[in-house]
Amino acid sequence: MADRAALEDLVRVQGERVRGLKQQKASAEQIEEEVAKLLKLKAQLGPDEGKPKFVLKTPKGTRDYSPRQMAVREKVFDVIISCFKRHGAEVIDTPVFELKETLTGKYGEDSKLIYDLKDQGGELLSLRYDLTVPFARYLAMNKLTNIKRYHIAKVYRRDNPAMTRGRYREFYQCDFDIAGQFDPMIPDAECLKIMCEILSSLQIGDFLVKANDRRILDGMFAVCGVPDSKFRTICSSVDKLDKVSWEEVKNEMVVEKGLAPEVADRIGDYVQQHGGVSLVEQLLQDPKLSQNKQALEGLGDLKLLFEYLTLFGIADKISFDLSLARGLDYYTGVIYEAVLLQPPARAGEEPLGVGSVAAGGRYDGLVGMFDPKGRKVPCVGLSIGVERIFSIVEQRLEALEEKVRTTETQVLVASAQKKLLEERLKLVSELWDAGIKAELLYKKNPKLLNQLQYCEEAGIPLVAIIGEQELKDGVIKLRSVASREEVDVRREDLVEEIKRRTSQPLCIC
């Protein structure tokens with residue numbers, strides 16, 4: 001047993017040596033030689049018999065968040081929540097799991113991504129897939145016909161995660177929805193305004209909001225000759241046009257979904273068009289689409305929407321895009337999706353979309369699915385893709401090597417001499433009681449240099465220094481960490497002076 005312990009120590013030491021050489025970027029030959037020694041020692045050690053194998057990791061598609069990452073997230077959430085509140089929204093919360101039947105049949109082909117929970121005796125449950133269906137259930141259950149609400153919470157999808165691109169199995173959604181019977185397109189225009197306000201405030205780069213209408217899509221499919229039974233499945237194919245070429249989408253429609261090639265070609269003529277209100281007006285004159293009642297209604301509403309967007313000053317950010325299909329089954333009217341734009345590789349080219357960061361639309365029939373009498377509550381909303389935004393902000397901060405404050409501490413209570421712990425404790429308590437964010441080091445007699453160093457590392461802007469002379473004079477020495485300037489402040493004025501000096505909001509990105 002003692003021999004094994006000695007060998008384990010040798011393996012540990014040799015492992016540290018290999019890691020050290022890699023960090024020092026030693027030569028490949030030297031690293032190879034030391035790795036060979038490590039493998040030889042491990043071979044002598046033999047298998048860990050009887051020792052259970054346990055890999056310490058987070059489940060696939062999830063992650064932990066460090067204090068630095070959480071500071072970035074809180075900043076992003078603050079921007080989003082302040083915008084939601086500025087537009088008069090209330091906040092609600094719903095359970096993280098719902099009855100399985102509540103979620104079934106609401107998400108089309110994406111239903112296979114719902115996490116079903118093991119039967120715990122009585123109810124079949126699933127983790128929520130989004131915040132929209134639980135919201136519709138909440139409205140129907142509480143017989144609400146009018147509410148403007150926001151909801152920020154985690155949702156779950158049994159997806160193949162691409163975590164580097166901000167795709168996870170557990171992730172936050174930030175939703176804003178307006179429920180109620182209102183005049184056409186006014187709430188829809190406000191949702192688009194909110195989306196633009198948030199993305200502009202976050203300063204994550206140029207963006208474009210693509211807009212379409214499910215009624216235009218359905219009308220287009222009808223005039224192109226798509227059978228009614230194939231509308232939804234063809235819709236999900238069209239929705240892939242932002243990721244793959246038209247040829248691949250057409251191949252999927254024809255080969256996998258059995259659509260006639262000439263029907264697919266007719267769809268292709270429409271879905272490859274995008275523009276502004278002029279395209280809406282052009283399609284209103286289209287000999288085929290203008291004969292379809294649904295498409296005509298959708299085009300009429302889009303024309304009105306663009307009038308309101310112009311008044312809100314955001315029409316230049318919105319593109320009418322016939323390829324936008326938004327795969328979820330519950331959308332009934334206007335749909336939209338915001339994408340970040342990558343600058344063009346060469347002059348004269350159009351900017352490329354590099355991924356969706358927000359989306360939403362109108363869903364007038366969803367609440368009626370839960371109401372016993374089928375009463376409909378018209379709804380329109382949006383969801384901000386915060387995980388992707390977090391990834392972008394984090395990458396930007398890393399590239400700039402920017403320091404991020406992970407606490408909001410305004411002042412550190414320090415001492416210049418020994419045997420002043422009691423005085424430090426009294427002062428820090430006074431500051432806490434006055435609402436000041438303050439800290440002290442958990443040592444009886446810390447060195448002043450160590451206390452000042454802690455402030456620099458943690459980004460604490462001020463130090464309140466107590467010394468024997470200060471106690472006699474009834475003052476506190478207040479030091480600015482950045483300028484190293486020191487001033488004596490009367491103890492009774494300390495709270496106001498700290499508030500005055502730290503009144504500027506702390507920026508972390």
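Note that Cβ sites are derived from N, Cα and C of the backbone, with glycine treated the same way.
Taken from TrEMBL as is:
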type	residues	note
DOMAIN	3-59	domain 'WHEP-TRS'
DOMAIN	61-393	domain 'Aminoacyl-transfer RNA synthetases class-II family profile'
BINDING	Asp130, Leu131, Thr132, Arg157, Gln173, Asp177, Arg326, Tyr330, Tyr331	L-histidine binding site
COILED	390-417	coiled coil
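Feature annotations (TrEMBL) mapped to structure.
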residue	record	Cβ neighbours (10 Å)
Asp130	L-histidine binding site	19
Thr132	L-histidine binding site	26
Gln173	L-histidine binding site	19
Arg326	L-histidine binding site	22
Tyr331	L-histidine binding site	26
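Per DSSP, the domain 'WHEP-TRS' (3-59) is made up of 39 helix, 0 strand, 18 coil.
Taken over all pairs of the listed L-histidine-binding residues (Asp130, Leu131, Thr132, Arg157, Gln173, Asp177, Arg326, Tyr330, Tyr331), the Cα spread reaches a maximum of 21 Å, rounded to the nearest whole number. In the predicted model, the domain 'WHEP-TRS' (3-59) has a mean pLDDT of 82.
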